[in-house]
Structure formats: structure tokens, C-alpha cells
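According to TrEMBL, the protein carries these features:
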type    : residues                               : note
DOMAIN  : 9-214                                  : domain 'YjeF N-terminal'
BINDING : 62-66, 123-129, D157, G326, H384, D452 : (6S)-NADPHX binding site
BINDING : N63, D119, T160                        : K(+) binding site
DOMAIN  : 222-511                                : domain 'YjeF C-terminal'
BINDING : K422, G423, A424, C425, T426, G451     : AMP binding site
Amino acid sequence: MHIVTVAEMRALEEQADRQYDLSSHILMQNAGKSAADIFEAHLLPHHSMNGLEVLFLIGPGNNGGDGLVMADHLVEAGAFVSLYRWKERKLTVREQDISEAETVSELESVLQSTDYIIDALLGTGHSRPLPDDMRALLRRVEQERERRASLRIVAIDLPTGLNPDTGGVDPGTIHADITITLACPKLGFFFFPGREYLGELYVGDIGLPPELENHLTTEMLTDKQVEDLLPGRSLNSNKGTFGKVMLFCGSPPYPGSAYLAGTAAGRVGAGLVTLAVTEQMLPVYAGSFHEATFVLFPPEDSGSFQRSQELITHLPGYRSLLIGPGLGQSPNTREVILQILEHLRNQPEEKRPRLVIDADGLNNLSALEHWWTLLPSGTVITPHPGEMGRLCNGLKVSGGNIDRLELARGKAKEWNVTLVLKGACTIITDPAGNTRINWQANPALATAGTGDVLAGMIGGFLAQGLSPFDAAGTGVYLHTAASELVSANIGDAGLLASDLLPQIPRAMVRCRQS
Ligand SMILES: NC(=O)C1=CN([C@@H]2O[C@H](COP(=O)(O)OP(=O)(O)OC[C@H]3O[C@@H](n4cnc5c(N)ncnc54)[C@H](O)[C@@H]3O)[C@@H](O)[C@H]2O)[C@@H](O)CC1
Ligand SMILES: [K+]
């Protein structure tokens, strides 16, 4: 599903008119109908439309027009609809115009009894600070919801005052419980603070021909897309079919990283997981990770060449290699990484494993000038904002604001990598500028070890033959989907990274069933 800026949305609408005779009037009819259908589907099975009280706040532009069309459909379906036209300060209650003298008191009484308020004040045409009386109206709506927990607010296209390009919000913007956006999600939905104002997001079809979107390169990850990307599982398969993953991860202070990443690679379906560890570390894993095989590394005090050669000797036949989680940053480790990278660069592409670098793999690299020139092509890197900052010479990188998108795109191109910039609403972008953004964001994931799980998942998908961009997107999406399954039981705090592991296959099943 494509994500659009306001300019892209306008261009789509203009092209639809020019090439397909889809006038803005037709699109508005489709938008209002689609919003009504989504609203009704959302209500069921708990409520019926019959007798439901719905107040529409109608703005001066096409967003208000969408609201009026939607209102007609709800009236037809049996709802008691009131309309408040903000610009004319005019109230209509159940198709009866209220006199000007009574409007204020009547609006107050409708507000106090309505079940739903539909925000159709402003959409993508919002262009300046909200006027005081609109802010006051929205504030009153917010107060009413605080007073009555059952009141629900539905935003048409977007919550009024949210900037659809940046995710910025006007001080008057209020949180929607549901946003029914039209045609495509808007870019600002994926950035903060806007992301917090949308509630549940639905996308209404307004009948734009899909081919109009062919040139768009930014997508929202969805169940459907991930389902299409998931590797097939032929009956006639063996562990070789699903690829082998090698991990160079973990060190005495951080033994859990290799376990989490390796298990995650297995949980996404990779055929075999091998950990390259020192003999000293073997007992840690042998007792807990029964499925793994091991490459026994010489201890750290032996030369880096001897160590890297041990791993390199075992690499043929492996389809992916994960470097980084829990490795530490000793000079010897850095040397080993550099020698492995040199070996990979010198291998023909079809013969070498695909590479994922995370955590200390990135921290080791960031200490070097022009580190990206050392990477083989097709590498995936998965920095969190702190690691990204180190990779960018100490730049401060935001956890969720719009500026991170431009940064990610620019750096993926400059570094010639598939870049996974983690954070709430993780961004995945490749050197050509193709971008996928994860709508799901779960604060439960903000805990140690979850990044190791993600890196392992991406390694596991690379081993099954997905392209770097697809493996990264699929991994990111299912990682959050697995966290949602954990959160369904425990809420959004207290998740341990290892809780994700058994939920990964369930998240894949959920995608396949959706
Ligand atoms: N153009 C089209 O073909 C379609 C547009 N659609 C709807 O149209 C919306 C965009 O329509 P518009 O471009 O008319 O924009 P809006 O309806 O968002 O608002 C534009 C109007 O609001 C006024 N305005 C802008 N900022 C304001 C502010 N801060 N305070 C008060 N008034 C302000 C403008 O002067 C203008 O009258 C979309 O969000 C969507 O809901 C849909 O109907 C689908 C088709
Ligand atoms: K709106």
C-alpha cells in the first residue's frame, strides 16, 4: 500500500480526472461511501447503526464534502445524524435546521448525548494555524470524551490540524479513536507527534485506478504484502531448502545476543543455524540452544587472522551471515570483522552469503573512515538511532520525526546498503530509494535484546532467498506483529526479548490467514 505526500495525492486526483474522467465530485462520492462502509463494518458486531447518534463536524472544503456524503449514507442506514457546519455556524439535527439563536445551546446538548463525533473539518487542505473558534470546538469535543469514556471520535482522512507531510500537529488537534484515510495513508502518519493522534487506521478505497500509483516508491508494510513475500514451503523440502545462517555474535559479557538472534533465524523458518563461538562460550549455548550447530573459534588472544580463517573456512554453503549482536568492540574483534568483510567482497555475489550487520558490528565499523566502502554489495544494516548517529559521525538522530526519513534515504544511497533505521515506525530503504515504513509501533519492544531478535529474523529470511529489501521489510513487520501477540496477553510493558521467539511463527500464520 503506497504512502503519499499531499502533492502526490493531488497529482493522483488530477491524473484520475484527466485520464479516467474521475472528477473530484465522483471521488468525493466514493470517499464518503467508503468511509460510511468502513464505519459500519467497524461498528458491527457490537453496535447497530439503527438509532446510533452521530455528530458530524463539517469543514469548508472537500474534507467537509466527504463528511456530508458519509452522513447521507449513515442516515440511510438508520443513524440519527446531526451536522454542524463550522464556517456558517449552522446546526442541522436529524435533517431539521436549528435556528441561529438556538445553535449554541443545541450543539451543546447534541455533544452531550452523541455516540460518535466525525471530524470532517479539515483534511489535506489544512494550510495555516487553526482558528481560535475551531480549536475551541475541538477542545470541547476532547472534554466531552474525557467526561464520557464511551464517546468515540472518527477522523475523516486525518485528524484536523495534523500536517499530512510531516506529522506535526496544531495545538488544537485532538486524538482520533479511528482514522479513515482516503485512497492512501499520508506520509505524516508515520512520524511523531502525528502518529499518536490517529488511533486505529483504516484506508478507504476511492476508486483510483491502481496503475496511477505505479511510480510511487514509498509503501506501508501490510499483512497482505508480507504474506506475499513469505517464502513458500514446498512439501518436498529438507533443511537445505530453507537455507543456512551463520552468526558471528555474542561474547562473554553478552552471551544472550547470539541465542536470541540465532533462535529468531530458526523461528522464521531457516533450515540451519550455526553460531561461531569460542570454546569458552560453548557451554553457555550448548545447554540452551539445542538446535544450533557450532563453529569453534580460537580464543580471543589468538591472532585475528587465525580466528577469521576459521569462520571463513566454514562459510561455503551458508546463505546468510549475521555479524554484530553482543560482539563487543575489542581491536581483535574489529580485525576479524574486517577480514571477513574483505573475504566477502572478493567473492562472486552468487557464491557468498548475504550479510546483515547490527549492533557492535556497526559500532566497530563506525570507528573507521569511509567504513561503508568495506561492505560487500547487498548488505543490510540495522542501526537504532544511537548507532545511526555513530555511523553518521556523531549526528543526533531522532527516534521518530520526519527528518529521519530523508536521512535514511540519503544514507542508504551513499552507503549502498539496505538500511533499517529502527525506532517506532521503523524505516526500511534501499540504495534506489525504495522505502517501506512499518505502521505498527509497540512500546513493549523498547527493551534489551529485541534488536538481536530482529537481526536474526532478517538473517533467517535472507537465508531463505529473500532479497535484502524484502528480508528486511518482512523481518521488521513480523517482529512487531510478534510483539503485538505478546502484548495481547501482557500489555505494553514487561516484554522480554525471548518472549518474541515463540510468537514469530504465529505472527507468520496470522499474516497468511489475514
Ligand atoms: N480533491 C479530491 O479529488 C478529493 C479530495 N478528498 C478530500 O478532500 C480533502 C482535501 O480537500 P481540500 O483541498 O478542499 O482541503 P480541506 O477540506 O482539508 O480544507 C480546505 C479548506 O479549508 C480552508 N482552510 C485551510 N486551512 C485552514 C485553517 N487552518 N483553518 C480554517 N480553514 C482552513 C481552506 O481555505 C479551504 O477552504 C481531503 O483531505 C479529502 O478528505 C476526497 O474527497 C477524495 C477526493
Ligand atoms: K478531518
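Heads up, the Cβ atoms here are built off N, Cα and C, so glycines get one too.
Because the structure is a prediction, the values reported are computed rather than measured.
A simple way to gauge crowding: the CB of D119 (K(+) binding site) has 28 other CB atoms within 10 angstroms, across all the protein chains here. T124 are the binding-site residues among T124, T160, G423 whose C-beta comes within less than 6 Å of an atom of ligand 1, given in sequence order. Taking every protein chain shown into account, G64, G423, G451 are the binding-site residues, and of these the Cβ with the most other Cβ atoms within 10 Å belongs to G451. Each residue contributes its Cα atom, and for H126 ((6S)-NADPHX binding site) and G423 (AMP binding site) those atoms are 28 Å apart.
The two recorded residues, T124 ((6S)-NADPHX binding site) and T426 (AMP binding site), have Cα atoms 24 Å apart. Just so you know, of the binding-site residues N62, N63, T124, T160, the Cβ with the fewest other Cβ atoms around it within 10 Å is the one at N62. The binding-site residues near ligand 2, defined by a Cβ under 6 Å from one of its atoms, are N63, chosen from N62, N63, G64, K422, T426, G451.
Sparsest Cβ environment among the binding-site residues H126, R128, H384, K422 (other Cβ atoms counted within 10 Å): R128.
Report note: the AMP site is defined by K422, G423, A424, C425, T426, G451, and the residues of the same chain whose CB lies within 8 Å of the CB centroid of those residues, excluding them, are H384, G399, G400, L421, I427, N438, A441, L445, V476.
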